[in-house]
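*Asks:* Take a look at this one; I'll ask things after.
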């Protein structure tokens, strides 16, 4: 192992003498010393890292004889610049004898946004998202130990504080560029620091905020240090030749600006240049001081051939300022006056306003802004980080341990503007060509793309692999978009929440292309159940229940079935929190879905009625490809709209006041009988309450007690009776009343009574036949059958009563003595029905004409009535009375003119009348009693 001692003692001696004499203040000397610091560049393993390259300082020897044993208060500061990161970048490691862990350690993670500090027993992790340690920028870290606290300062600002009273022993070994796992031993290449370091200083006092801020501004505090950078000898371990030194430190005049100003050689007019530079988080350059002026002049001289002017001879580039010749004012694009530029010479080409360009160390302006020339740019407040995204895991493994490569914009005299990688890879333009290539520190080519301008945005990069016969083209995006933003094809950025939201945000609409929501692993099998048993949540909506066919005992069910489950093998992307999106896979495979049958058969309205969605309800993880959602906590939801004929065994005992219990079975056919574990929260969320023929009294999902592959929706249907009441019971009730009404007709109206009752019976039988034909045949009587059977029996009994009364024939008796007729009464067993007396008012009534033949005298107890055939006379009288009974020409108590002197009496037997009366009472009571019992029977079914 070869050591190299570097001891700039003269500077330290001069500082001490001048301080003692008082001729020069410590601040003046300190400011000069910051410019004279030796800068060590550590580049172990040519950028790959090694276990050797480091700077070592033994404090026990370096501080003798003036060193204290321990420090209760101290301030330790160091300046550094990162060139690139390995897996771990250890800037500083201070270890003590017989100690297991470092007493002090400064370490930066590979993306530069976390600083990890170790002090004795404290381990501190500090996020630096607002000001990360990016390559090519100088930064400073100060560790301040006060009496009761430990503070961490970064770039002149306090970033963390922790309570501690532990002192710092000064008996250890301080290492720059490696991490000690023992006292000056245990180094590994992955923990090497790649970059530059200088200015490490230790004070025995805890410096105040003002002094620490001055240190961050390259001004040494007015406090003598215990040791400073140039006052000690660092032992250089440089077997690989990976350490070099120079004096271009962080506080040099040029160094502070050389990475802030860039010259772009693709020719543009100022307006186009401003739009283009916004994608780089840059503005057209506004020169503010002589350092800016010198830096831009140097960069233009490096690009003389590419930046030749068209409006005059020489070379130049557009600036972000305008000149108003009339008012002799130079302003930036926001109208702010630029004093520095105003003090420079402006070459005028007439009284007009124009954009200013920098050429041959002069300022120029022109009225013609359409001229396309080079343009100068300047960083905004902070350095933008560019990410190369889209590398597959396989390719990322060959390029970098991570999936993405990060870069910052940089410039050198060979490549001009290029992308400097946080890792060991850079993107540089081949000299005098349009070919940009991704390569390592020694520029070994990995992937290339052709582009006249820096390859910002989305491009097809060509990967060359020696093992492949054909180059591989991979679409990659290079942009300054953060992980929470999507890079459009032109390099602009949109929020990730606006990606694949069916609204185009990018100008080229690239945000709505390739919107796969389900990322399937290569070994995914779409026919295999994600888990056994598979937890399943179901929501059933019964949209319609129609076409109830009582004969076939079926009905048509229209359902919407939502089945929800989780698939831990799937990763989801391009989702919005709380919003469901259609599942689109990133391959030819499909996500596993349940195959559903309803009621023994499945009939989907159309393919569009079966959709698979995913809803983002779980946490999301930010990756290089955007937000990713774990399939275990973000469920898949399959929605099926189904129409199926359902069989239901109708129980018709109480028809039409019946209640039916039906069930709709939903079976997942591509799952075993014990393959599902149905969530107890599964439910029916929608169900109609009133159907055309039924009221839905109950609609629920039956929860199985164990594993299953079946769901069952239980229905309780109560038949609506309104239709049956008005179409069956009301008409038949009226017919019953009409049939019973024939009993109220006079006994002599046999024809009318018989005809009406028989007609009623026939109509009843016809209605019963029609009703029975619309119902299935059953071995039991339905409630409506009982009604019809009773009614038919009731009408049959009425007809039997009429037949019984017909067997008793009515008789006629007469009297020839008008004076005694009024006192004549029927004998026992006779009843006077009508008495016919003479009435001269019936003169229009034609007289009764007896048929010719021998006359036979009518006799009575008062004397002869007349002559003529007796039978003929009686029959004619009976016929005459029956046919004219309702004629208005006759009234009770009058006698036709044909019998001027006789009184006639119409009589019948009282047995028929008694039968008729008894039938009226008995049948009415029977009907009323049946109706009451029937109604009570109906109510018992509810």
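Even glycines carry a Cβ here, placed using N, Cα and C.
TrEMBL entries are annotated by machine, without manual review.
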*Asks:* For the feature transmembrane segment as recorded in TrEMBL, pick the matching range from 787-808, 809-830, 831-852.
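*Replies:* Going through 787-808, 809-830, 831-852 one by one, TrEMBL flags 787-808 as transmembrane segment.
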*Asks:* Which one of these stretches, 757-775, 871-889, 890-908, shows up in TrEMBL as transmembrane segment?
*Replies:* 757-775
*Asks:* Pick from 704-724, 725-745: which range has transmembrane segment per TrEMBL?
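*Replies:* When 704-724, 725-745 are checked in TrEMBL, transmembrane segment belongs to 725-745.
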*Asks:* Counting other Cβ atoms within 10 Å of each residue's Cβ, which of the disulfide-bonded residues 481, 488, 515 comes out lowest?
*Replies:* 515
*Asks:* Are there residues at least six beyond either end of the transmembrane segment (921-939) with Cβ under 8 Å to its Cβ atoms? List them, or say none.
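*Replies:* Distant Cβ neighbours of the transmembrane segment (921-939) are 654, 657, 736, 740, 743, 783, 786-787, 790, 794, 797-798, 801.
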*Asks:* Hey, how far is residue 481 (disulfide bond) from residue 506 (disulfide bond), Cα to Cα, in Å?
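*Replies:* Just about 13 Å between their Cα atoms.
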*Asks:* What whole-number Å value do you get for the CA-CA distance of residue 515 (disulfide bond) and residue 493 (disulfide bond)?
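*Replies:* Computed Cα spacing between residue 515 (disulfide bond) and residue 493 (disulfide bond) is 17 Å.
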*Asks:* As a test of the contact definition, list every same-chain residue at least 6 positions from residue 506 (disulfide bond) whose Cβ is closer than 8 Å to its Cβ.
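*Replies:* Set apart from residue 506 (disulfide bond) by at least 6 residues yet with Cβ under 8 Å, we have 486, 488, 489, 490, 492, 494.
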*Asks:* So which one is it: of the disulfide-bonded residues 493, 500, which has the fewest other Cβ atoms within 10 Å?
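*Replies:* Across 493, 500, these disulfide-bonded residues, the one with fewest Cβ atoms within 10 Å is 493.
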*Asks:* What is the separation, in Å, between the Cα atoms of residue 493 (disulfide bond) and residue 500 (disulfide bond)?
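*Replies:* Approximately 14 Å lies between the Cα of residue 493 (disulfide bond) and that of residue 500 (disulfide bond).
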